[in-house]
């Protein structure tokens, strides 16, 4: 491209003001590197260069630079690095200019900044120069810019997402020749990963502003993944293009939030001289207007999307809006006039309108320099380019055309961001001010009620990042009226239609089933009836014989796989019989199978390799799909490693690692292309200690399943953990990473990542692997035996952070083949020699296991005694059946913590558990003091009974009543540590009557109660009141008849009880003192003597002896003489 340059001199250079007797005025020489034909709408010199003379005019109108003249030299480098170097040398070395206005693009400015460190010349930055590297004072100490770093934009974006609770976002950006938005988005993405652990970028895509079809396709994908969309556009046309495309796809509903990322201080505005009604805050026309000669009629559509948009931008509040409008209209004319007098064709376009996006930044950076030089008040030419003198002046705040401008010590603009929205009049308003001071984020809210001032276009509610009805809108239930409206309107007609539909559907279903069954009779389909558990192998045998044979049939597997298997293996696989062979089965959820998926089963069954576990088939005619695999009797590799009792030397480890690599290589060459779930739990070991890979090729059956083991992610590659790949998108490199983790387990003889010895937990490890970075986290390779160092290097290469740098499975196999030890023994011979050594230590281990078994038996006996009555537990241990037992009269107790749900809502889960533990532990202590059996506790409820399993005559009613009063006394005194003002209240129900008790179930047997007595006791509790003991009439009669004058009760009256009708019930108020007892008449006719020998000393002390004189005369001869003497003496003392 032809290089253009020219010199412009102000006419007053080297002139003398003879009137005032002054010498020639100082001349400041300014070198300008501009772009004439690059990004005209943003940094094009014809649309931005006029900002320099306008800034000079503005300076002089405010009393600055009155005694200075300027010499301008412009070179059009077009952001080319070579041209930039040539221009920089010309400015700094050859002509020794005072100050350089740098190129308006980051790579070229960094080159110019490098030259400035050599020649010590200040460089002023504007345009696309927000990259974080430019603000590095160590690299570019002479570069000053009026734009903040894009790194700060990322921090502000992360803070906004945190404020509004959005964790799931999409990230879109427009591409242009300078890759401005690409650099912005990259810095924002890094900040989101560093600042927030919860934000997930579900999609990151580039938008072509010239291709509406590709943009529409991209937005269609966004609609299925996100509702909060972050996007970056560098020009006003791109912003309006995005709004129109989003509106055409219906993304202007209340579900969507569009967040525009900007650093140009324009907010919702566009820098142009054409416009209808400018925005009040920025003085710029809104982005939804059409600025072409022939409007496209899309203003309303774009406006509807803009209403659902918020903007993160540097402060755009311009104080002098009059001059801004003047600048917008005259900038293209100012460049044609002195002092610049641009005469190139681009500057002389007669119909040119509008102002470049970064013209205001060019204005501010030159205005900042002019103020700094003026404030020095010196005519010494050496100070004009002395940055050490200018820096203190640069850091002085001033009001420019981009709002308030103030530079920090790094000569980058102190970021003052504002979150903009639109009010009900579609005028721009500032919602939030966010500033960064010393790495501290300061947030100032400019609204009082977010629902009315922020989210009014969203229906007054902040939209979530995930819609209630799902991203496809299929999760919302239909309203009941819509479901049954046809039945209400045409009931008779619908009935007839239903009958016809049933007949048609049944006929069609029968026909389709026959066709489907005939089509599915293939080699991979296994009928569910052919699969059976080992204990049901022969139904003709007796139960005891069947159990004996089942034990012998599975003895081989148990002895080889070990006494214990991991819970994951038990959850994943079930051992069953297929005909007469043991197989491994895995259950899957039922789903519709396509023709392609069924053909995949045929291909899976044909896969045959010595290091792949054979896929036998799939059962699809049961309640769940069941995949059937060949039996590997030694269990999984995870079982062998976790057990830790089998010694593995280097040859053994090497053979296992080689087997895994060979199996993985075969899968990668097959139609599967990847395993997708390689872990030590999916590496099975057969009789010959040969490792076989399993659980491959069926991921599409597991997509809808809940994964019970979250620690499976410990084997997943970083790109998989980040969620950027679906199962279909995974490739072989992710398997290579998982292979490295499994190999580390084998070499270290410890489970993945050795969590028991690491200070990091699962979540910390997962986050560190997901985050990546320069220093990545990987398992430790602490090996206690001598191994080939090449093998360790291979493992480290396989878990490389970059998937492209990981070796392929084929290369791994080649390296392992070259490392094969020189020995003629095979693995089985090696295993036999190891077993011979192992046998010598077997006796010692058997003795230790016997001791452990005895100890565990004692523990199990204690635990069983706590779960079941002693006599029941002994019968169960002896293998005897426990027959149900009937009890004529028992007392049943039910209790419930009142409003426990409300109380639990004020506590954390750990506090709830601790609260229940404190309360129920004290309840258990109270129960131990009474002849009461605790049946069970369910949640916050208690069920107890007295009178069974040990019969105690009529004592059961007194034991239950006494225990209930103790419960109430404890609740009155109990205080919740973390909620001292809250009280625990108990509601108790008591009933007496017959009952049947017995042990129910084989797995986790429980001692259960049956009978209407239990139901009535439950009704007493549910119909009671807080801190009250509610008794049925049966319990009350039993209490007052057998223990009169010992407990105080009160009739509640008749109450309607569910399932019982009207019942008269009673309140138990407490123990009755002698002062509260009814005094019987003093008469000896038909008097029945009454004993009080059962009273305790504490009770006698608390009684008022003024009311017991009538009882003294009624004592029988059989009463304790000592009690009579004490009572008489005390009564005489009181009367005196």
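The backbone N, Cα and C atoms fix where each Cβ goes, and this holds for glycine too.
Features of the protein shown, as given by Swiss-Prot:
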DOMAIN    533-833  domain 'Protein kinase'
DOMAIN    891-1021  domain 'Guanylate cyclase'
CARBOHYD  40  N-linked glycosylation site
CARBOHYD  194  N-linked glycosylation site
CARBOHYD  252  N-linked glycosylation site
CARBOHYD  351  N-linked glycosylation site
CARBOHYD  377  N-linked glycosylation site
CARBOHYD  386  N-linked glycosylation site
CARBOHYD  438  N-linked glycosylation site
REGION    536-565  region 'Disordered'
SIGNAL    1-21  signal peptide
TOPO_DOM  22-485  topological domain 'Extracellular'
TOPO_DOM  507-1136  topological domain 'Cytoplasmic'
TRANSMEM  486-506  transmembrane segment
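Cα of residue 377 (N-linked glycosylation site) to Cα of residue 386 (N-linked glycosylation site): a distance of 14 Å. The glycosylation sites examined here are 40, 194, 252, 377, 386; by Cβ neighbour count within 10 Å, the least packed of them is 377.
Rounded to the nearest whole angstrom, the C-alpha distance between residue 40 (N-linked glycosylation site) and residue 252 (N-linked glycosylation site) is 31. Checked against residue 438 (N-linked glycosylation site), the glycosylation sites 194, 252, 386 differ in C-alpha distance, with 194 being the nearest. Recorded residues residue 386 (N-linked glycosylation site) and residue 194 (N-linked glycosylation site) have their alpha carbons 38 Å apart, per Cα-Cα distance. A distance of 31 Å separates the Cα atom of residue 252 (N-linked glycosylation site) from that of residue 194 (N-linked glycosylation site). Other C-beta atoms found within 10 angstroms of the C-beta of residue 438 (N-linked glycosylation site) number 5, with every protein chain shown included. Summarised by DSSP class, the composition of the domain 'Guanylate cyclase' (891-1021) is 55 helix, 41 strand, 35 coil.
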